[in-house]
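Novice: First, the structure itself, so that you have it in front of you.
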Amino acid sequence: MSEKLELSGEQTHQEGQINQDELILQQQRQIQQEISESTPLVGELELISSLNAEYSNDEIYMQKVKDLASKYKFIRRTRPDGNCFFRGFSYGYIEKLLSNKNEFKTFYTLAENSKSSLVELGFPQFTVEDFYDTFMEVLKRISDMPTLEDAKRELHQLFNEQGYSDYMVVYLRLLTSGQLQREKDFYSCFIEGNRTVIDFCHQEVEPMYKESDHIHIMAACSAMNTGVRVVYMDRGNSKQVTEHDLPEGSTPYVHLLYRPGHYDILYPN
């Protein structure tokens with residue numbers, strides 16, 4: 001009898017511990033959500049020196065901010081919600097294209113033809129349609145602006161309207177998934193475990209709020225026919241930031257700052 005009581009007491013203790021752990025996790029998620037929602041989806045341009053305030057008591061990071069400032073003038077922050085790579089990459093890429101009408105026109109044609117490519121791969125048309133239409137609407141609206149400054153303002157406004165911004169992210173996730181599936185023999189080497197490329201796409205690429213890794217970046221760049229330079233800033237002992245161009249050997253068109261778990265947009269000097 002006493003043995004049963006002991007087991008019952010131990011079980012109650014374990015359940016209490018699990019409940020306590022779950023409560024702590026819920027509180028952490030709530031805090032993270034509040035921080036995330038208080039940050040604009042895409043921020044205004046800020047000087048690189050604005051990073052100093054975040055690291056004023058951290059000598060390693062201060063050295064890296066100094067190195068970063070020797071190469072980049074501005075940073076544009078994105079909301080830390082798991083979509084930061086896709087949101088930052090698409091914003092940075094489209095913003096850069098606005099300065100070159102021919103390149104913008106080439107990309108517009110690529111985007112126009114992208115829906116049929118996804119449908120050919122087996123994506124249901126009704127799933128793709130709304131996201132594609134919004135993606136094309138954004139491109140059309142900014143291309144119709146009379147001046148470059150007007151176009152940039154319109155881009156910024158649309159990317160800060162949750163509906164438009166999230167649909168842009170979803171469509172880029174679908175394009176990335178399509179690229180992974182199109183080149184599945186190549187990308188399967190980068191997927192750990194026994195998952196197929198299609199499993200990986202369904203679980204890690206297509207759902208919103210899933211964070212991005214090298215494989216997402218390589219596929220997104222290939223889908224958009226461009227290159228990205230990712231600048232890594234972490235607690236490593238080096239005084240310099242580390243740069244990595246993806247896909248390897250490509251010319252970087254967009255520059256992103258990566259700090260553990262998060263991407264922001266960078267603007268070279």
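Numbering starts at 1 and runs along the chain as it is shown here.
From the backbone N, Cα and C atoms, a Cβ is placed for every residue, glycine too.
Here's the feature list from TrEMBL:
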DOMAIN    73-269  domain 'OTU'
ACT_SITE  Asp81  active site
ACT_SITE  Cys84  active site, nucleophile
SITE      Tyr232  site 'Interacts with free ubiquitin'
SITE      Asp234  site 'Interacts with free ubiquitin'
SITE      Tyr258  site 'Interacts with free ubiquitin'
ACT_SITE  His262  active site
SITE      Tyr263  site 'Interacts with free ubiquitin'
Novice: Over the domain 'OTU' (73-269), work out the mean pLDDT and round it to an integer.
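Specialist: Computed over the domain 'OTU' (73-269), the mean pLDDT is 97 on the 0 to 100 scale.
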Novice: Given the recorded positions Asp81, Tyr232, Asp234, and counting only Cβ atoms in the protein chains shown, which has the most within 10 Å of its Cβ?
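Specialist: Max Cβ neighbours within 10 Å, all protein chains included: Asp81.
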Novice: Can you tell which of the recorded positions Asp81, Cys84, Tyr232, Asp234 lies nearest to His262 (active site) in space, using Cα positions?
Specialist: Cys84
Novice: Give the distance between the Cα atoms of Asp81 (active site) and Asp234 (site 'Interacts with free ubiquitin'), rounded to the nearest whole Å.
Specialist: 19
Novice: Using DSSP with the three-state reduction, classify Cys84 (active site, nucleophile) as helix, strand or coil.
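Specialist: Helix, per DSSP.
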Novice: Could you tell me which of these recorded sites, Tyr258, Tyr263, has the fewest other Cβ atoms within 10 Å of its Cβ?
Specialist: Tyr258
